[in-house]
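Annotated features, as they stand in TrEMBL:
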DOMAIN    33-93  domain 'P-type ATPase N-terminal'
TRANSMEM  53-75  transmembrane segment
TRANSMEM  87-106  transmembrane segment
TRANSMEM  214-233  transmembrane segment
TRANSMEM  254-278  transmembrane segment
TRANSMEM  284-307  transmembrane segment
BINDING   Asp347, Thr349  Mg(2+) binding site
BINDING   Asp347, Lys348, Thr349, Glu457, Phe499, Lys523, Arg552, Thr632, Gly633, Asp634, Arg714, Lys720  ATP binding site
DOMAIN    764-926  domain 'P-type ATPase C-terminal'
TRANSMEM  811-831  transmembrane segment
TRANSMEM  837-858  transmembrane segment
TRANSMEM  865-885  transmembrane segment
TRANSMEM  891-917  transmembrane segment
Amino acid sequence: MLPNLNPFALRCCPWSGCCGMGDFRPRTVWLGHPEKREQRYPRNVINNQKYNFFTFLPGVLFNQFKYFFNLYFLLLACSQFVNELRLGALYTYWVPLGFVLIITIVREAVEEIRCFLRDKENQRVPADMIFLRTSERNGSCFLRTDQLDGETDWKLRLPVACTQRLPTAGDLLQIRSYVYAEEPNIDIHNFVGTFTREDGDPPVNESLSIENTLWASTVIASGTVVGVVIYTGKELRSVMNTSNPRHKIGLFDLEVNCLTKILFGALVVVSLVMVALQHFAGRWYLQIFRFLLLFSNIVPISLRVNLDMGKMVFSWMIKKDSKIPGTVVRASTIPEQLGRISYLLTDKTGTLTMNEMVFRRLHLGTVAYGMDSMDEVQSHVFSAYTQPPHDFAASRAPATTKVRKTISSRVHEAVKAIALVHNVTPVYEANGVTDQAEAEQHYEDTCRVYQASSPDEVSLVQWTESVGLTLVGRDQSSMQLRTPSGQILNFTILQIFPFTYESKRMGIIVRDESTGEITFYMKGADVVMSGIVQYNDWLEEECGNMAREGLRVLVVAKKSLTEDQYQDFEARYVQAKLSVHDRSLKVATVIESLEMEMELLCLTGVEDQLQADVRPTLEILRNAGIKVWMLTGDKLETATCTAKNAHLVTRNQDIHVFRPVTTRSEAHLELNAFRRKHDCALVISGDSLEVCLKFYEYEFMELACQCPAVVCCRCAPTQKAQIVRLLKERTGKLTCAVGEYAPTSNTTKTGFGPVVVPNLYPHIFSYSTIYTMFPVFSLVLDKDVKSEVAMLYPELYKDLLKGRPLSFKTFLIWVLISIYQGSIIMYGALLLFESEFVHIVAISFTSLILTELLMVALTVQTWHWLMVVAELLSLACYVASLVFLHEFIDIYFIATLSFVWKVTVITLVSCLPLYVLKYLRRRFSPPSYSKLTS
């Protein structure tokens with residue numbers, strides 16, 4: 001969204017309200033002339049909801065009943081409409097099912113309403129626009145794009161030059177102009193278009209690129225802008241990069257669904273056995289269905305109620321957790337998934353590190369300057385601007401002086417280049433004493449802040465300021481530097497070549513106003529700059545040394561141009577930028593004609609500070625059995641150093657650096673070498689990764705998944721997404737991705753809240769939704785161990801990863817327990833109440849409820865006052881319901897002393913032996929957390 005946007009931005013769009021869709025194709029948009037539109041366009045709305053008004057109810061019901069667990073209860077309820085199969089009143093089946101569906105519908109409705117409100121909030125100006133004008137004095141603006149691409153760096157955006165020069169925004173409607181825009185596509189980093197003004201003499205034709213765009217879902221950092229809308233609705237870049245909302249179901253729900261099928265299979269077998277005992281007499285096939293209905297409570301519908309309500313409680317607890325403020329739960333159906341994560345994939349910059357850069361090293365090849373020698377750099381810069389120029393030429397000093405002057409000249413040239421080759425803009429803010437205009441006019445240091453698209457660039461400009469060469473002013477066409485003596489150096493910006501992930505470099509062509517000299521400066525990654533600069537014998541070695549110290553290295557170079565050389569370049573460059581077909585290729589070809597035999601000036605090294613507590617956090621995750629993969633675009637040595645500093649790789653752990661491979665045979669040999677390594681971390685570059693995935697995808701993923709940690713460097717965003725997808729497909733494990741491939745997500749500590757979930761699982765054999773729901777549901781408040789202990793001993797998390805709380809073994813144990821308790825209650829009632837068999841319903845029903853309440857009480861590890869309330873409330877519900885159940889239960893009979901003690905005996909016999917066995921098992925085979933709770 002674009003705040004502070006002039007309303008003209010909407011009025012100049014003649015088609016923003018149209019509802020026609022049409023195919024994706026290029027368009028010509030006229031300013032202020034809606035009658036000239038050539039096609040109809042989508043409505044200017046955003047819709048991230050899963051359903052609409054008409055599809056909500058059918059969609060929710062379909063997503064519920066497409067799973068066997070829910071379909072089972074629907075079929076049971078529907079069967080009661082058949083007279084031959086009816087076993088009781090319809091409400092006994094439909095009321096519990098309706099209660100479950102109401103909870104589900106309400107939950108989905110709440111999430112849909114929240115999504116609708118978010119969409120409505122973002123719909124102030126949900127459009128992709130071309131930047132026409134700004135109120136900023138420097139003629140540009142900065143965008144925050146983290147909600148679009150996950151990157152925290154600000155992006156510089158420039159208005160169309162001819163519209164920025166107009167006196168007022170209203171003049172935009174008076175000129176005869178239009179924008180040609182390419183067809184909508186998913187590429188958020190590139191754009192091809194042109195702006196044409198026909199009423200000029202001669203007509204003006206300007207090239208439009210990504211620098212002139214204001215995509216929806218971005219935020220303007222300051223100022224006011226005016227733009228023309230070119231894409232709306234489903235044609236928005238942000239919408240085209242968003243997958244359709246889908247119904248999410250957790251791994252636990254799938255496991256319960258599978259166990260339900262097993263139970264249903266057991267029901268069918270038991271029903272067949274019962275019919276077989278009757279020798280398949282009469283309408284035996286109808287008897288099978290009747291037995292299925294009679295035994296249907298083996299799969300209790302109360303389980304569905306408890307699970308859904310438990311998920312809602314867990315989601316609420318996560319949202320309200322004071323230790324992770326600001327957390328948003330966007331999917332309340334899968335909170336338990338946090339307890340089953342096996343792989344955590346993370347970016348480096350801004351995730352493991354703070355994205356706050358500190359300048360550490362300047363290297364000139366023969367000499368290097370660290371933090372302890374920056375005063376020497378400052379001295380060289382000072383002498384370059386204070387010593388008379390003729391002294392340098394006329395000096396015939398001894399050799400030492402001559403060397404010192406040569407070094408001084410080189411340092412000065414390097415610092416000057418660093419101060420010029422960037423996209424940083426100084427902004428002056430009023431501080432209560434100095435007026436903003438006055439501060440900007442006098443370049444007040446106390447009022448100046450730097451705005452840039454990258455913290456790297458800010459750190460470099462701040463460093464040049466610290467050594468004496470200060471960036472004090474900048475607009476679209478000029479830049480001003482202040483020397484140590486206070487002199488202002490003026491430079492005209494002729495061309496800027498922004499940094500891109502593909503080029504890995506940025507450049508600028510400037511003219512020194514005092515001398516008229518034209519210079520092309522460039523900085524970039526060593527992998528690309530090594531082929532651009534003149535031959536040298538130290539670049540590769542020193543880049544490696546600096547990277548091993550954890551520094552992000554940039555190579556700085558320059559090239560002097562004559563006026564004729566620049567004019568020839570400009571003509572070819574403008575022609576290439578106006579092309580609407582293969583523009584990127586043509587522009588790159590023209591720029592590359594300058595990028596030859598450039599003079600290598602220096603290397604710069606900046607350090608990205610680690611996030612607070614990142615080391616203990618990674619250690620906790622590793623001890624919890626979660627494997628962490630770091631995917632970054634940085635150099636191999638830098639990524640390796642960061643992995644060591646952040647303790648992603650432990651000190652005693654070996655690291656296997658995957659050698660660069662380009663062919664299938666090389667990849668095969670390197671994979672064989674890697675296969676012989678054991679328990680070592682893997683470091684691999686993006687290029688080698690691409691080759692391995694192309695020819696040996698299965699083999700590589702199999703080996704990589706065995707590593708305790710993996711670092712992928714020089715990794716493109718598309719490769720990061722590919723790795724996440726492959727990891728999910730190959731392992732079948734749950735993965736969690738944080739960083740720039742996970743936009744709109746808040747990175748929070750995973751925590752160990754789901755440790756309390758397993759206590760809910762065993763009670764899938766609850767007798768009744770009403771009488772036993774509250775005690776079982778209250779178990780969501782239970783904890784095997786306290787939160788502090790779980791964080792202190794993260795190894796406890798491994799039990800959840802193994803899925804033991806709901807394994808087939810656990811499931812079988814609770815089936816046997818249910819059979820035992822059912823047998824004790826039934827046969828105990830027959831033995832103790834043989835002469836009072838008419839009261840069998842009251843006896844068995846009361847025993848069942850008391851048994852369930854006692855089992856819940858014996859299961860609790862950590863009591864909460866709400867658990868006591870739930871037990872008492874459930875018991876109170878039973879006592880109160882006796883008034884309505886007088887047809888089935890004799891109140892006077894259950895009030896007798898004989899009834900009380902006999903039911904007590906049945907309840908104790910059904911529960912205490914199980915508790916004794918549980919005690920003995922804990923005694924001789926205690927769970928992993930038992931020692932921690934003692």
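Each residue, glycine too, has its Cβ placed from N, Cα and C.
Any TrEMBL annotation is an automated prediction that lacks curation.
Overlay of TrEMBL annotations on the structure.
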| residue | record | Cβ within 10 Å |
| --- | --- | --- |
| Asp347 | Mg(2+) binding site | 24 |
| Thr349 | Mg(2+) binding site | 23 |
| Phe499 | ATP binding site | 19 |
| Arg552 | ATP binding site | 22 |
| Gly633 | ATP binding site | 21 |
| Arg714 | ATP binding site | 20 |
- Query: Are there 3 or more C-beta pairs under 8 Å linking the transmembrane segment (87-106) with the transmembrane segment (284-307), counting only pairs at least 6 apart in sequence?
  - Reply: yes
- Message: Looking only at the domain 'P-type ATPase N-terminal' (33-93), how are its residues distributed among DSSP helix, strand and coil?
- Response: 31 helix, 0 strand, 30 coil
- Query: If you measure every Cα to Cα pair among Asp347, Lys348, Thr349, Glu457, Phe499, Lys523, Arg552, Thr632, Gly633, Asp634, Arg714, Lys720, the residues listed for ATP, what is the largest value in Å?
  - Reply: 26
- Determine whether the transmembrane segment (254-278) and the transmembrane segment (53-75) share at least three Cβ pairs under 8 Å, counting only pairs 6 or more apart in sequence. yes
- State the non-local partners of the transmembrane segment (865-885) in its own chain: residues 6+ outside its ends, Cβ under 8 Å from one of its Cβ atoms. 770-775, 777-779, 781-782, 846, 849, 853, 856-857, 891, 894
- Query: Counting only residues 6+ away from its ends, which parts of the chain sit with a Cβ under 8 Å from the transmembrane segment (837-858)?
  - Reply: 763, 766-768, 771-772, 775-776, 778-779, 821, 825-826, 828-830, 867, 871, 874-875, 878, 888-890, 893-894, 899, 902-904, 906-907, 910-911, 914-915, 918
- Smallest Cα-Cα separation from Asp347 (Mg(2+) binding site) among the binding-site residues Phe499, Arg552, Gly633, Arg714 is shown by Gly633
- Query: Cα distance, Thr349 (Mg(2+) binding site) to Arg552 (ATP binding site), nearest Å?
  - Reply: 11
- Query: How many Å lie between the Cα of Gly633 (ATP binding site) and the Cα of Thr349 (Mg(2+) binding site)?
  - Reply: 9
- Quick note, Phe499 (ATP binding site) and Thr349 (Mg(2+) binding site): C-alpha atoms separated, nearest Å, by 17
- Message: I need the CA-to-CA distance for Thr349 (Mg(2+) binding site) versus Arg714 (ATP binding site), whole Å please.
- Response: 13
